[in-house]
Amino acid sequence: MQRPMKCLAVIHTGGTIASRPSPDGRGLTPQQAPSVPGLGGVEVHDFRPFNLPSPHITPAHMLELAHLIRQLAPGHDGIVVTHGTDTLEETAFALHLLLDTPTPVVLTGSMRHAGEVSWDGPANLLDAAGVALHPQSAGRGPLVVFGGDIFDARTVTKVHTTAVDAFGGYPGPIGRIDRTEDAAHVRFFATPERRRTYAPSRLDARVDILYAYAGWRGEGYAGAQAGADGIVIAALGTGNLPAELLPLIAATQQPVIIATRTHAGPVLPVYGYAGGGATLVRAGAIPASFLNAHKARILLLTLLGSGLGEQEIREVFEEAGF
Ligand SMILES: NC(=O)C[C@H](N)C(=O)O
């Protein structure tokens with residue numbers, strides 16, 4: 001039987017978009033999920049699996065969200081996920097790796113809370129709903145909509161701590177939504193590359209991220225090597241490190257992924273001085289391609305949770321299977 005009108009699922013997870021100043025003066029806390037303003041002719045179903053500031057979101061929450069979306073997708077034309085902005089890109093990328101549903105899934109949030117004159121929650125929510133219900137959004141994988149820009153989950157990243165245009169990332173938005181009084185105008189400029197999806201039973205491996213800096217001699221590395229199932233390093237430039245790291249990486253049994261702390265561009269094994277990218281790869285490290293360190297971590301968690309071994313993990317990163 002055909003559904004009478006379009007059905008939108010809105011999954012609220014917390015974040016500033018659900019926050020208010022706490023009555024006891026502690027500061028902002030997630031309290032009340034917002035409702036989608038003025039969506040005529042659309043049946044909206046709200047879900048609240050948890051209500052958290054996004055620094056409290058874990059990979060287990062991401063897996064739970066993926067299960068919920070899989071259940072909801074067949075009965076809805078689009079799905080919006082509201083989320084705190086701090087870790088939104090990690091959840092978006094996890095869903096990108098976990099979901100193969102054609103139903104559009106769109107994440108959004110806000111940078112200002114409901115008590116501020118510049119509250120951006122309602123506009124972002126309405127934009128996200130407009131994109132989620134747009135026929136051309138299907139089959140593109142999870143998207144992030146913020147400030148009218150549409151981003152793909154693989155490349156989007158938070159670029160500002162306070163501005164309402166808080167999201168960007170190289171090479172930028174893949175589309176745009178603008179609203180006039182009576183219509184939403186959605187334009188896509190690019191189609192995301194094909195991606196592989198994975199079905200891990202758990203996302204509970206321990207993957208540590210270490211951040212490189214001038215003069216790093218490997219402080220903190222031993223702890224990661226002793227306890228983690230995998231290590232991601234936010235390295236320098238095209239994926240280079242101080243010389244002291246080379247023997248440490250060569251002696252590590254777990255996968256070591258080399259990302260970059262630079263904000264855009266690939267990791268390439270070109271430099272041959274001790275600690276240069278070429279020497280790290282010869283020592284067994286795996287370049288993260290264009291993924292930032294925290295997305296490389298989500299990918300490694302997903303691959304470890306799917307039971308992949310080191311060689312298969314290497315192939316996924318090398319062949320950009322994400
Ligand atoms: N704008 C926000 O949503 C930031 C908030 N700290 C969060 O990520 O939950």
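Cβ atoms are placed via backbone N, Cα and C, with glycine included.
As recorded in TrEMBL, the features of this protein are as follows:
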{"type": "ACT_SITE", "residues": "Thr16", "note": "active site"}
{"type": "ACT_SITE", "residues": "Thr85", "note": "active site"}
{"type": "DOMAIN", "residues": "8-179", "note": "domain 'L-asparaginase N-terminal'"}
{"type": "DOMAIN", "residues": "206-317", "note": "domain 'Asparaginase/glutaminase C-terminal'"}
{"type": "REGION", "residues": "15-34", "note": "region 'Disordered'"}
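Each residue of the domain 'Asparaginase/glutaminase C-terminal' (206-317) gets a DSSP state, and the totals for helix, strand and coil are 40 helix, 20 strand, 52 coil.
Contacts of Thr16 (active site) defined by a Cβ separation under 8 A and a same-chain sequence distance of 6+ are given as Leu28, Gly84, Thr85, Gly109, Ser110, Met111, Arg112, His113, Gly121, in order along the sequence.
Classification of Thr16 (active site) by DSSP places it within a helix. Thr85 (active site) has a Cβ environment of 23 other Cβ atoms inside 10 Å. In the three-state DSSP reading, Thr85 (active site) counts as coil.
Per-residue pLDDT, averaged over the domain 'Asparaginase/glutaminase C-terminal' (206-317), rounds to 98.
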